[in-house]
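Read through the structure below, which is laid out as structure tokens, and then see the notes.
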Amino acid sequence: SLSDKDKAAVKALWTTISKSSDAIGNDALSRMIVVYPQTKTYFSHWPDVTPGSTHIRDHGKKVMGGISLAVSKIDDLKTGLFELSEQHAFKLRVDPANFKILNHCILVVIATMFPKEFTPEAHVSLDKFLSGVALALAERYR
């Protein structure tokens, strides 16, 4: 679980990086479909699933909107992300293992875009936070 120190670190990092959240989402999703091509199956209804395509950019923006929501609900991720969990479990039917894959890609992108801000301490806190987000999103699968 997230300590008060972790929560403060996530909020501080988010304040800095949120201005670039659309680019982070696009890059993370683009990276995910290249490095983990099996994830493309969830987007097979899109006409263009190439990195940086309009659909990838738009969905990356949605993903980062969800992360922004999670930051605002950091004290109770399970309740705060309930609707997103329902959507991913019952409508989109996303395998929850993919949340961890995307989290890894988000961490890589933030590390490359914000090397100064992405200290080891920020890394640990953000990793724990994203793991909590993945757990909250997987809640409705049980």
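Heads up, the Cβ atoms here are built off N, Cα and C, so glycines get one too.
Keep in mind that this is a model prediction, so the values were computed, not measured.
Features as listed in Swiss-Prot:
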BINDING   HIS59  O2 binding site
BINDING   HIS88  heme b binding site
DOMAIN    1-142  domain 'Globin'
MOD_RES   SER1  N-acetylserine
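Counted over every protein chain shown, other Cβ atoms within 10 Å are most numerous around HIS88 among the binding-site residues HIS59, HIS88. Summarising the environment of SER1 (N-acetylserine), the number of other Cβ atoms within 10 Å of its Cβ, over all protein chains shown, is 7. Calculated from their C-alpha atoms, the gap between HIS88 (heme b binding site) and the residue listed as 'N-acetylserine' amounts to 23 Å. A Cα-Cα distance of 28 Å separates the residue listed as 'N-acetylserine' from HIS59 (O2 binding site). Reduced to three states, the DSSP call for HIS59 (O2 binding site) is helix.
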